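Straight from TrEMBL, the features:
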type: SIGNAL; residues: 1-22; note: signal peptide
type: DOMAIN; residues: 40-307; note: domain 'CN hydrolase'
type: ACT_SITE; residues: Glu80; note: active site, proton acceptor
type: ACT_SITE; residues: Lys179; note: active site, proton donor
type: ACT_SITE; residues: Cys212; note: active site, nucleophile
Amino acid sequence: MLPSQPLLHAAVFALTALQALASDTFIAAVYEHAVILPDATGEPVSPDDALALMNKNMDVLEGAIKEAAQQGAHIIVTPEDGIYGWRFTRETISPYLEDIPDPSVNWIPCTDPTRFAPAPVQERLSCMARSNSIYVVANIGDKKPCNSSDPSCPGDGRYQYNTDVVFDPEGKLVARYHKYNLFMAETQFNYPKEPETVTFETPFGKFGIFTCFDILFREPAVVLVSELQVDTVLFPTAWMNVLPFLTAIEFHSAWAMGMRVNLLSANTHNINLAMTGSGIYAPDRARTYYYNMKTEDGRLLIAELDSHPRLSPDTPPAVNWSSYALSVERFSPNDRDFGGPIFYDWFTFTELTKPEGNLTVCQKDLCCHLSYKMSKKREDEVYVLGAFDGLHVVEGQYYLQVCTLLKCKSTDLNTCGQPTETAQTKFAMFSLSGTFGTNYVFPEVLYSGVELAPGEFEILNDGRLISKARPTKPVITVTLFGRWYEKD
């Protein structure tokens, strides 16, 4: 007699779990989605029209989820705003929201869709996870009714939250996270009253989750990693790239290295808004990534990761980020220092006028040291060493300490720090370090064409970022990006 469908599914799930338990690695997937956007309108659409748009996006996501599962992935992360897009006011986003219960209710929407308020999006996501025996991570909107007894209750009688959900391979809701650090344009959503630190256990490690702008702040990002000791962070994002530093692949890869965790970063794809850049990052290097500012194509990425990266022999040892820089005398003083902005932050720069040498540039308490040798000094390209030590205040307030070797946009020093994606200059060697006041420092090298350099540089225990490739590919930036959370 053939087994019933529920028994068969349970057997498949149990086999999948046993296979994961038998291995110290797992297969991760992220999908960069070219989101189908709603029409810009000042009036709310009907719930049916809202669901029709969301189903169009979920049709695309379902195809990616099936493909990921067929390739052996245990988990897939999809982007922030990946189901309904953006262009919303508080009123116009309302038809797209569902009431998402606390995961402690032990709910499988796919098999019990009427247990709570109508939740067709949660039901469909749950069924995608269940039918493909894979963890599915998605970003949707949560609405919670409130009343006048709550002094902070909005005038329309509900809280609205930017929300991540996770469904396990049975389709059960196992995690719900309300974004705490809203980007300045997210006026359609409310801030949670308290920051949430959401974790859940899997057969392949302890997972944490947060959303986009959250990555720049102590709560929840640092708390999850440093205090709750998660192995892997799930990261739905809608990241608008700002070269030369806050490029999605550059900063997210650097963050994974600096925090010594896996990071599964799924970005939306919209080249008109400079949204692209997804990846699967480990502490030692980027395992795979995607950056495409030329075509409106989505992309599925799949890679194998260590389940417990802190225990992996590939994970670099802990770093004292200021050890070397504090132990050496300042290199020859410069009479050519000048100032310039990068993303509204005023850096102190000094030019690399010779094909090789040692330079120091300082700002406030931060001194950045560089030893370098160019393969050939080009007259048509200018590089500078830059330092920034201060509070960034544009789209949010956070304290930075940055040391960077970067290519200027042109030979005009006034263009240093402006966005540029191409370079010709290769380096025979470089060594960059800084007198950081924080241990949260994120290292990365970005090559011409917005290409990462996995395995081509090394972080020494004393805080030096050094080249391993001889020579390098043409360099855009070599950066140590420090976040001094205590000074925010």
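Yeah, the Cβs are placed from backbone N, Cα and C, and that goes for glycine too.
Using a 10 Å radius centred on the Cβ of the residue listed as 'active site, proton acceptor' and all shown protein chains, the other Cβ atoms total 26. Cα-Cα distance from the residue listed as 'active site, nucleophile' to Glu80 (active site, proton acceptor): 8 Å (rounded to the nearest whole number). Lys179 (active site, proton donor) and Glu80 (active site, proton acceptor) have their C-alpha atoms 10 Å apart, to the nearest angstrom. Its Cβ placed at the centre, Cys212 (active site, nucleophile) has 26 other Cβ atoms within 10 Å.
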